[in-house]
């Protein structure tokens, strides 16, 4: 028999030891709980609560809501289903590494399996394009690269075969198709389908025979045509005022110097030796000059291309001239008679002028115009 005074004391001790004390809820003491003596003398510790007691404590509803923290959904699920913790720990290492934590509307951390998302996305792809995700996967990289390269190789081969078949199937006629030819196909670097047969037939010949035209400046000049004599053209060309800037831009060299020597090469040509100072070299490019004391020697071939009664380019020894012309090179082809008369006296790099070239006596006004043309930009 327990005395009547000890029952209220035990009831008060149980209520003070419970976590819900002071919150308006009374919890009766558990008869299975025991007092375990601690290591220190005169003190006692309560035994660790069982999982059922911990779940009951978390699920208790407070009497008043003032100063109480709300429980999250995650904590409630863990309290009501404690066996799920063991399931999370039992997951394999690979699956646990592929999970990532996300937040959804501040309801707490949730685990999302990235592997399941990938499988769902792969299942949503259409069946006709099943090869596309395999190129971007982490496994079988070498096989995917070989598939991709083979796909593009087949595509290029098929396109080239179709283009060649279309080109072979067409038959062009020169009379009908040249009028409707596209100008874009006539650009350099593009194949002209109208001349396909000519290219095939001339493939055995060297390139310089097929593509090269005679680069002679004198090839179609009137001086080498028989019976050419036009007085009006001679007067117009010889007495025409020529623009310094236009002549400077259209010429390879521009100098002013004194005629030192003059040799006749046949009836229509002369070979000049010009003494030029350093100030008289307006434009040189690859003009060949040889030093001679304080001056430079320049050789210039003069040809009368108009074949007039009186030479259009009239030079006198000891007179200073402004001359603009072209530079001779080996691709310029002279008639065989003139080549025999020159006899190697004209070398590559020497000057070459004709009747339409700029030749004027030097004065200060013309000298300033040529200097202005030298400092201006050509169009």
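The chain as shown is numbered from 1 upward.
Yeah, the Cβs are placed from backbone N, Cα and C, and that goes for glycine too.
If you look up Swiss-Prot, you'll see 180-194 marked as compositional bias 'Basic and acidic residues'.
If you look up Swiss-Prot, you'll see 234-308 (among others) marked as disulfide bond, on the strength of sequence analysis. When Cβ atoms from all protein chains are considered, those within 10 Å of residue 234 (disulfide bond) total 19, not counting its own.
The annotation disulfide bond is assigned in Swiss-Prot to 238-312 (among others). Using a 10 Å radius centred on the Cβ of residue 238 (disulfide bond) and all shown protein chains, the other Cβ atoms total 16.
Within 10 Å of the Cβ of residue 249 (disulfide bond) there are 16 other Cβ atoms, across all protein chains. Under the heading disulfide bond, Swiss-Prot lists 249-378 (among others).
Residues annotated as domain 'NTR' in Swiss-Prot, with sequence analysis given as evidence: 234-378.
Summarising the annotation, Swiss-Prot assigns region 'Disordered' to 76-95 (among others).
The region 'Disordered' annotation in Swiss-Prot covers 162-194 (among others).
The feature signal peptide is assigned by Swiss-Prot to 1-17, with sequence analysis given as support.
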Three-state composition of the domain 'NTR' (234-378), taking helix and strand from DSSP: 29 helix, 55 strand, 61 coil
Among 308, 312, 378, the one of these disulfide-bonded residues whose Cβ has the fewest neighbouring Cβ atoms within 10 Å: 378
Spatial neighbour of residue 308 (disulfide bond) that is closest, considering only the disulfide-bonded residues 238, 249, 378 and their CA atoms: 238
Distance from residue 238 (disulfide bond) back to residue 378 (disulfide bond), taken between C-alpha atoms, in Å: 25
